[in-house]
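Student: Structure in structure tokens, see below.
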Amino acid sequence: MDHTDDRKMYGTTILSIRRGNSVIVAGDGQVTLGSTIMKTSARKIKRLASNTVITGFAGATADAFTLFERLEGKLEKHPGQLMRACVELAKDWRQDKYLRRLEAMMIVADKSVSLVISGGGDVLEPENGIAAIGSGGNLALAAARALCAAQDEFAPAMPLEYIVAKSMAIAAEICIYTNNNIVMEKIEG
């Protein structure tokens with residue numbers, strides 16, 4: 001994402017980790033306009049469908065709220081079918097002249113599946129249960145993969161909340177568009 005346009009808001013890290021029968025989606029609170037931090041406590045994680053679905057967004061805030069509303073409508077139309085609702089949203093996003101201009105990505109999770117939805121119409125399920133988006137996404141993803149591997153090999157009692165918090169903290173230490181004001185939401189299946 002090009003952060004040189006001083007008229008657009010950028011910067012976030014959203015991370016989702018699914019381990020065992022639990023999934024956590026976390027996001028930082030920083031909103032950046034050009035080279036200025038506009039807000040440090042934005043809430044980019046939201047629950048939908050009677051708290052059975054967690055979503056997190058990266059990109060333009062107004063665009064993300066438009067997508068939240070659309071996704072909520074799809075979930076009402078297809079209750080309990082997260083994959084179908086997300087595919088329907090992605091189709092609309094790709095085909096609708098207005099929606100195609102939206103600049104956002106989403107991570108969406110329920111008790112059984114985690115998905116990444118892009119503006120290009122992609123709906124992707126991460127292979128290893130770990131997904132990350134946003135300017136610090138790759139940093140959080142690398143940290144999460146390393147910590148999950150360490151958990152598997154050496155520390156099976158390492159809590160999922162610790163892995164998520166530490167991965168987000170590492171991203172915040174490196175990415176100037178990410179801060180340590182982390183919001184986490186969890187679903188246990």
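For all residues, glycine too, the Cβ spot is worked out from N, Cα and C.
Per Swiss-Prot, the features are:
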ACT_SITE  T12  active site
BINDING   A172, C175, T178  Na(+) binding site
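Can you tell me where each of these features sits in this structure?
Tutor: Taking Cβ-Cβ distances under 8 Å and a sequence separation of 6 or more, the neighbours of T12 (active site) in its chain are G27, D28, Q30, V31, A42, K44, F57, A58, G59, G134, S135, G136, Y177, T178. According to DSSP, T12 (active site) is assigned to coil rather than to any helix or strand.
Taken residue by residue with DSSP, T178 (Na(+) binding site) is part of neither helix nor strand, so it is coil.
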Student: Give the number of CB atoms, excluding that of T178 (Na(+) binding site) itself, located within 10 Å of its CB.
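Tutor: Taking every protein chain into account, the count is 29.
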Student: Within 10 Å of the Cβ of C175 (Na(+) binding site), how many other Cβ atoms are there?
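Tutor: Summing over all protein chains shown, C175 (Na(+) binding site) has 21 other Cβ atoms within 10 Å.
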Student: Under a criterion of Cβ-Cβ distance under 8 Å and sequence separation of at least 6, what residues of the same chain contact A172 (Na(+) binding site)?
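Tutor: Counting only residues 6 or more apart in sequence, the Cβ neighbours of A172 (Na(+) binding site) under 8 Å are T13, D28, G136, T178, N179, N180, I182.
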